[in-house]
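These notes are about the structure you will find just below.
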Amino acid sequence: MGKTQKKNSKGRLDRYYYLAKEKGYRARSSFKIIQINEKYGHFLEKSKVVIDLCAAPGSWCQVASKLCPVNSLIIGVDIVPMKPMPNVITFQSDITTEDCRSKLRGYMKTWKADTVLHDGAPNVGLGWVQDAFTQSQLTLQALKLAVENLVVNGTFVTKIFRSKDYNKLIWVFQQLFEKVEATKPPASRNVSAEIFVVCKGFKAPKRLDPRLLDPKEVFEELPDGQQNMESKIYNPEKKVRKRQGYEEGDNLLYHETSILDFVRTEDPISMLGEMNKFTIDENDHEWKILKKLKQTTDEFRSCIEDLKVLGKKDFKMILRWRKIAREILGIEVKDDAKTEIEVVPLTEEEQIEKDLQGLQEKQRLNVKRERRRKNEMKQKELQRMQMNMITPTDIGIEAASLGKESLFNLKTAEKTGILNDLAKGKKRMIFTDDELAKDNDIYIDENIMIKDKDSAADADDLESELNAMYSDYKTRRSERDAKFRAKQARGGDNEEEWTGFNEGSLEKKEEEGKDYIEDNDDEGVEGDSDDDEAITNLISKLKGQEGDHKLSSKARMIFNDPIFNNVEPDLPVNTVNDGIMSSESVGDISKLNKKRKHEEMHQKQDEADSSDESSSDDSDFEIVANDNASEEFDSDYDSEEEKNQTKKEKHSRDIDIATVEAMTLAHQLALGQKNKHDLVDEGFNRYTFRDTENLPDWFLEDEKEHSKINKPITKEAAMAIKEKIKAMNARPIKKVAEAKARKRMRAVARLEKIKKKAGLINDDSDKTEKDKAEEISRLMRKVTKKPKTKPKVTLVVASGRNKGLAGRPKGVKGKYKMVDGVMKNEQRALRRIAKKHHKKK
């Protein structure tokens, strides 16, 4: 006999069924509460008292006894008897009766439950609507028991069916709990209509409305509201289905009424939405009057014959006709009397308040307009910065952004009437013959002034033209030469280190270049001086910004020290050629540093002595030691080995031999071929005190390229630099190193992730050791799985025994390709043709 296949019982005999039998649970529903507990914060592990309503056969009680703390009180109740379970109190009772409530109080005594579970369902089979309503009633009874026995911030988990009463139950839950969420765990079958609601944070109200837990009040059918007929009239294209059925007693789908009833009704919209046709009685006296209207056209007659096919425009036409018909029949009287509006004059306080409000509104609009303008300027500035459009024209942009507060606002000066006063400064430069005759000291030769002015202007024009031509040349060269473009981006190879300037000398030079002309008019002088002061501040600000860009961090750190405040810039700035600094500047600076330290030490000792003598007289003053000096005194107590070690480390960090000339000099110093005095002597040359101030850029760059010292180099130095560069080039590029590092990081992260997963698998007590081993081995196979590599194609030369062979050659496995001399010549010809075309491009 053949085997009979057992029915699957609507999919209940799935993996959860067999897993429940393996774990020893009484039903597959135990995995539902396990998954809900894991999803919502492991509330069972924190529960000391648990009540399971409708608990048969007891699978949820088994899970609770396993997850809850030791010595927890777990009570299970159902209408059918259950087999006893360890650590669980079970009894038989109906949860809708008073007997169940009294037994629960007897077992719990003065305790309150932390969690109430409900997984009950009624006997089904009467019909879907009846079964869903009975389930909702049962859920409400379970909620009633939970409200009586739950502790504050307790948890309630229940099962409900998807039905029309679902939203009503959710509303009741939300009145009693802080957080209400509906979920469907994976263990619940998809074909089942059940869903689970998790209610957390029980509010425990002191006074509870009994209607909130009364099934008659909660599930009461509310009467439907009045049907919205306006949507039918003003949006007839959108059809709304009657999902709740048709009205009781309305057995017909076709309705008609008289057109005069439509005119007399107070709710024409509803009538238009309900009726299919308006009938006309030709013998009616009122219709004979309305028939003579010019609005009663043939189109109107055809529209009222079938109202269900009309559109929005047709319905509006019918409503306008009804309005005119009501006026003619006297049903609706048109109010032609115009209401007279009495204008009451404002009082003085009201007028002031109105004007104040107008000014405030005007000020608000001005502020809003100014804010919008500033935002637009910021957006344009950001766009220019993103497009690298940062050029010297930014000065003009900044000046334009000042708006009304700009430096030269001639419109404001013209409105205020002081434009002529502002021009008096230039008017005073023109002297009359009488003034020249009165004062013999004042004599101006106009011809000489014009001649000098023309020659200076020509020189300035020529210089600016040369600078513009040179900038155009650099732009063209950077477009076609990538190396030159990279050099410009780096800022040049031989960029000198800027050491700062003295503010006093700069102010002296600016004062020497200024010419002030006295003016008898005080207001004119004051206006001109303000303008000159603003321009001077702008120029000094721009120069300061340029200096900040050129000043290196090392020089800034040195010159910020207070001891350099009164030092004049009397040291020459030596140029740096090919990465080697002249020895004279190094020696002079080191000597000056030593001398300055000795002078500072003597000065501090003198100040200390003088302070002791004058302490009685000048007690208000206090001499604070410099931080740098304290560091020097602290360093005296260090050992010589630590000093030497720090000096060596600092020396090794600062010096880097990067050129052949520097390597040659290092070899000569190491071999004793040169000493300090030789380096000092070499520092004195014609390039040392070169004056490069106020020279154009094209001249300076040409001098850097051609006018420089050619120092002798050796073969050994060149080989050493070559080996150094070779070692640097042998290192992987930044992208390759970063890619390798990322690969290692991903591998480590993947391994850590697998370790965590393996730990979770080991900690899962619900799985057997065999399942754990299989899952861990599956994870390890994913990590150790090697990427698939394409099989190599074997090349077989079509010569000898393989010549003219139709099938697979002997001894060749996998993919293969037949090649011969003709194919080789063809490939060579193709490469030659491609190379030829590449040269033409």
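Including glycine, each Cβ sits where the backbone N, Cα and C put it.
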Where Swiss-Prot places phosphoserine when the choices are S30, S192, S258, S464:
S464
Out of S93, S401, S455, S585, which one does Swiss-Prot list as phosphoserine?
S455
Going by Swiss-Prot alone, which of S505, S529, S635, S765 is annotated as phosphoserine?
S529
Candidate sharing the S-adenosyl-L-methionine site with G58, W60, D94, D119 (per Swiss-Prot), from D78, D131:
D78
Let me know the largest Cα to Cα distance in Å among the S-adenosyl-L-methionine-binding residues G58, W60, D78, D94, D119, as an integer.
18
Mind giving me a neighbour count for D94 (S-adenosyl-L-methionine binding site)? Other Cβ atoms within 10 Å of its Cβ, every protein chain shown.
13
Between W60 (S-adenosyl-L-methionine binding site) and K159 (active site, proton acceptor), how far is it from one CA atom to the other, in Å?
13
Cα-Cα, whole number of Å: G58 (S-adenosyl-L-methionine binding site) versus K159 (active site, proton acceptor)?
16
Using C-alpha atoms only, work out the spacing between D78 (S-adenosyl-L-methionine binding site) and K159 (active site, proton acceptor) and round it to an integer in Å.
15
